Structures are given as structure tokens and as C-alpha cells.
Amino acid sequence: MEVKMQRRTSSQVTRSVLSEAELEQIASKSQKKEPSLWRRGRDKLRCSGTIAKFLLLKFIPILRWLPRYPVREWLPGDCISGISVAVVQLPQGLAYALLAAVPPIFGLYSSFYPVLVYSIFGTSRHISTGTFAVLSIMVGNEVEKLAPDENFMVLGNGTVLDVEARDKARVDLAVAICFLVGLFQVALGLMQFGFVVTYLSEPLIRGYSTAASMHVTLSQLKNMFGFQFKQESQPLSLIYGLISFFSMLPKTNIGALISSLVALGALFTVKSVNQKFAHKLPVPIPIELFTIIVFTGISYGMKLKEMFGIDIVGHIPIGMNAPLPPDTKLFGKMIGSSFVIAVVAYAITISMGKMFAMKHGYQVDSNQELIALGLSNFVGSFFQCFTIGTAMSRSLVQENTGGNSQVAGIVSSLVLLIIIIKVGELFEHLPKAILASVVIVNLHGIYKQFGDLSVLWRTNKIDLLIWLVTFVATLLLNMDLGLAVSVVCALLTVIVRTQLPRYSILGQVSETDIYRDLKDFDQVKEVSGIKIFRSSCTVYFANAELYAESLKAKIGIDVDRLIAKKKKAISRQKRKGKKEKNQVARKENMKENKVTGRDNNGFLDVEKADPKEMPTKENDFRLAEAADKVVLETQTNTTQKTSRESTLESLGLEKPTFHSLILDFTAANFVDTVCIKVLKNIFRDFCEIEVNVYLVGCQTHVIDQLEEGNFFSKTITKAQLFASIHDAVMYLLKEHDQEAKEGILDPALPATKGLHNQN
């Protein structure tokens, strides 16, 4: 088989080799200072017509897109899409209300008010907000924990559950959670905290929602099997719930179980048809709506409640409730759980919003989405709604049926308004077992996320670990603690990965300015006399010491041992020099004795002495000054000699095979005080073994941080910083080649010798 080689194109750029010091002379930094935080805040708060209009259009996006709405092109699709979503929203709203532990009518309220508010303030054109299984079960867990059935038992003919009082208390709790969730989301959005969702990675969200679906399924088994069993909101609640469920199996209501199985079969079958023939069907078959209509008729006609004891939805009030403020006394009990629900709701919504925006070529504002979702929950809480989010199934229906904008959400809300006002009471005889079947069938998309395990095993083991830890923690520790554990686990993986970066010694690809890891490429060769060291991540307090240790291990010599040997050799040399100095001093003293006419007994030889040298105060002072000068010159000469001779070679120690070390800091996006301290130590240690050190690839703000940290000094200057590895390599090759030609090449040069003139 003939293999076609890709034709290489050549590119050549000619410029001078520049250090950071020279680069700053050519292209000096701007002297313009960033405005202070106070000034930026003052400018943002300054009011003018232009700013007011900008803020109005920013926070109310419908004013921006509605005047330009293409009615002929988009309105038909939005109307069809809105009606289709309402058809799906109706059974899901009724069913998810059971998950939230409130009467079904409140699921319809939650499908109307918040959706209408989001259509005004949201920026995503394709997501369908409203009730969502995962959020509903999170609300239900908290509500059932604070208002358990045991608190509403009354004495009558035996012990009877006061359903009306229980439902009222649970609605109040769900409304309070919705209010707090909305408040948290709006506050975070106004503070531009939309980035918090970045700490919830996709594997974390998918693992969390998969575990949550298990909790949802267990909570609906009681409706499918027609009996009640005890469920608690605490660690290991899933295990206790399963034990309680199996213990109650003998009390199964056969009528409820048969109804559930028939509904499950019909729902799964038709949904499979919808999926298989999606490209041929103009709209998906609304099997959920057909199912609840058919079983409502059967329940009413056959009196399933009276004949078989099958639990039904019960009374559904007609019309709308007047707005009421939430009970503020309940807030203290649920602040923590409300914040968790707020973050999860936003994470799911923004991930879906970005997915559709990328697919259709527009942008969503993450902070505005947080505000829009918060306002939806905040306003909805005054109309007795529980927390809403975004459902993938409805969003796909909205997209596939021709939805183009938020108008589809408005149409969906209007359809549900009609149902709430006129049609809601028709579903009073709907068996709860059917709603449970609707819930479980709509979880089949989440159950498919178990397929992530095989994909992540092949692609990324760390993401697989996050998925599994999140799933197991949420499954065993319940949903609030499970999320906390999963976030901590995800952050720990980041910390561990910065603790275990990849360290490499680089070599040059022949005849290029490209440098690669010597271990990974056979054709890459190390530049003679130069070591190039690279770290794959930022050097900071958590890994700075590891960076220094790995550097010394990678270069192939024991730097600390060599420094210790050098110090011992210098110490021996100093002792030897001191001994020689003492000998010189004794000789000088002997000469002085001869000059002053003093003999060994300390007496003056009058006959030999010159009359001018007779002991006077002036002569004694002059002779003492001369003696001190001789000793000082002797000491200076000895010190300079020791300094010149204190090279590794002169001390009889083996020199490193390289004269220069290049530290590639391209991956560094910041430096801290610990990093700066470690870098100074590296420069000092390698200078001790007669190796010059250079930094390359430092970003401008990193250089600023180095300056602020007092990294630069007389011995470490910006002349040792280069923009690229190749700049540093070419400079070093040129400098050492020139010194070799002039016969002055000396590996003992100090770190700053031979560098560029900074003037």
C-alpha cells in the first residue's frame, strides 16, 4: 500500500536573541495602571441613560430579543413546541410533586409560574425549565425529614394520619426551600459567581444524578406496590429503605402493581418507537398524556379506589391561589440544604444550556442564567411552587419539535394555565401508581449514564474515580452529604495532580526551535552543555519542594553532596592557607626584628643600631603601621588566591557535564512566596557547583510577581530570563562558543558573568 507523506512547508523568522531585560528596552511595559477596586465599583454604580439602558437589556433579555423576533419563521415552530412540551409537562408535574412530598396540584403550579418568569429573564432558547426528578427528590428528602408522618398521627378509631395537616406543613417547607434557593441563586448571580459551577465537573454531575435516580426509584416503589414503608433522610437511608421495602412486600396491593406494570410496558414500548422513528415522526407520541388519560378513565369507571384500594391523586382545587410570603420561621432549619439544591439546580441548567447553545451557535450568559433561575424560584415561592430546574427529556422535546426561542416556554405556560383553571379536576381519580410509572420511565435516560463507566475506563481513570466516588457517596450518605463528599473528592484530585506533575528533561528536535521530552522521542537530542528542565504544572507552595527535588534527581548529579564536598575541600584549603599565613607572619616578624635591631632576648644592640632608628614614639608608630600593612596585603593575596583556586577542578572534584540550566516556566500561571524562595535556593545551589541558571517562558504577570517577591537582585537579574527556550539556547551556545575561541571559557563563571548588557 502506498503511503503518501505529508508535504512539509518551511517557515523562517529572523530576529535577535533577546533576554527579558533587552525585551523591556525594546517594548517597555505600559505605565497605565489598573483602576482601583473602589473606582471600578464607582464607575459601575454611576448612572446615565446609556448605562441604564445597557443594564435593563442585560438583566431583562426579552427586551433585547423580542423586538427582533422573526414571527413568520419562528412562531409556528415555537407554538407547536410549546404545546408538545406542555403535554409532557402535565404528567411530569403531577408525578414529580409526589417526589417533592407535596400534593400533585403544586407540581402544576411549579410548571407554570417559574417557566413564565424564566422566559422573560433567561438567555437559553432551548432548555425547558420546570419540575425535575433529581431536584424534586432532594426537596422531598428535606421535607420528609422535617415533617415526617409520625408528627401528624391523631387518635381516633385507632391511630390515624392527619393527611391535610401533614400536606400543609410539607407545602410550607417546600415553599421555604424554594424561596431560599431563589435567594441564593440571585445573590450569586449578582455577585458574578456563575463560575462556582466549574467545581462540579461533568463526571461529578452525571454520577450524582445517577445515584439520585436510585433514590427516586426507591421512593416510587411504595406507590407502584401500593403500600407505605418507612424512609428516612440520613446516611445509609437507601439501605434502610430497601430493608423496609422488602419487609413490606407481603402487603403489596395487586391492583396497583398490575396497573404499574401495564403502564410501564406501554410507556417503554412507545418511547422506544419514538426514539427509533424520531426522524420520521413530526412530534413524539405523547404517551405519558395518553397513559394518564386512559388510566384516569379506567379508575373513574371501575372505581379502583373503592374496589381495590388503589391510592389516587385526590382533590385538585380549581383556579389559582393568591400569592403568599413564605414562613420565615422555617428558614433556619434548611439554609444548608437550600444552598446545595441551588448549586445542583444551576449546574444542571447551565450544562444543558451550554450544550444547546453550542449546537445552535449562540451564547448563554452564565451569570444571567443564575439570576433567571433564581428569580424563577424566588417568584414561584410566593405562589406555592417547589424548586424547579431543567429536565433533559422536555428540553429535547422542545428542540426536536421546532422550538426556536423562549416563546415556546411562554406557550407551554399558557397551556398549563388553562389546564390548572379548567381541566385539573379531571385528574382527581388518577392512580398514584401511574404517576410513579411515569417518573421511573423518564429516568431511563439517566440510567443510561452507567455506560459512562466503560468510556471513562478507556479515556480517563481520574474522571472515573470522581464518577464512582460521587455515585457511592450519594447512594450511601444521602444526597446532601454525597454532594459535599464528591466536591471534596474532585478538588483533591486536582491537588494530587499538581502534587504529581510530569517532570522532563528536554532535547532539541534537529534543525528546529522545538524541544521535546528526551524519554518520549528517540530523534530528540540534548543540547551539549545545557540542561533544560520542564514541569507540567504551576510551581506553588504545595509542590515547590518536590520541584526542587525532582530537578536535582533528573539532571543526573547529586547537587547537595557535591556542594558538601566543595565546602569540606574549601575548609581544608582555608586551614592550609591559615597555616601558611601564620608562617608568613612569623617570617615578617623576624625581618622586623632585624630592622628594628631587636635580638631574641628583646634587648637593643646599640652598636648595630642606626641612631635614626633609636626607639622614639614617632619611629614606633611608623614601624607598627608598616607591619600592619604587610600583614593585610598578605591576607588579601591569600584570600584572592583561595577564591581563584576554589573551583571544583582546583579542589579535585568532578565538574558537572553541563554549564547551564534552563528552567521552563511556560506552564506557570502564578508564583507564590514559597516558589520564589525555592527558585532562589536553586539559583544559589547551582551557582555553587558552577552552573548558570536561566528562566524561560515566564508570562508578564509572573515576572511582575517575581519582582514583587524580591526575586531579582545583583546576582539574579532579568538578563537571565528569556521569552523562549530557543532564545536561551542560542544565546548560551553563542556566548560559550565565543569564550572558547577567546580561550576564556571557564565553567566557574558566576551566574551573571557574560550576560547581556542591561543598560
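One-based numbering along the chain as shown.
Every residue gets a Cβ built from N, Cα and C, even glycine.
Since we're looking at a predicted model, the values are computed, not measured.
Residues annotated as transmembrane segment in TrEMBL: 47-66, 94-121, 173-200, 254-273, 285-302, 330-349, 370-391, 403-421, 465-496. Annotation source TrEMBL lists domain 'STAS' at 520-732. The annotation region 'Disordered' is assigned in TrEMBL to 571-606. Taken from TrEMBL, the feature compositional bias 'Basic and acidic residues' applies to 580-597.
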PLDDT averaged over the residues of the domain 'STAS' (520-732): 78
CB contact flag for the transmembrane segment (254-273) and the transmembrane segment (173-200), at least three pairs under 8 A: no
Touch test for the transmembrane segment (370-391) and the transmembrane segment (285-302), at least 3 Cβ pairs under 8 Å: no
For the transmembrane segment (465-496), distant same-chain residues with Cβ under 8 A (at least six beyond the ends): 137-138, 141, 199-201, 203-204, 206-208, 210-212, 214-215, 233-239, 336-337, 340, 343-344, 452-453, 456, 542
Maximum Cβ pairs under 8 Å to the transmembrane segment (403-421) - stretch from the list 94-121, 173-200, 285-302, 330-349: 94-121
Outside the transmembrane segment (173-200), six or more residues from its ends: residues with CB under 8 Å to it: 100-102, 106, 139, 142-143, 146-147, 326-327, 330-331, 334-335, 337-339, 341-347, 350-351, 366-371, 373-382, 384-387, 487, 490-491
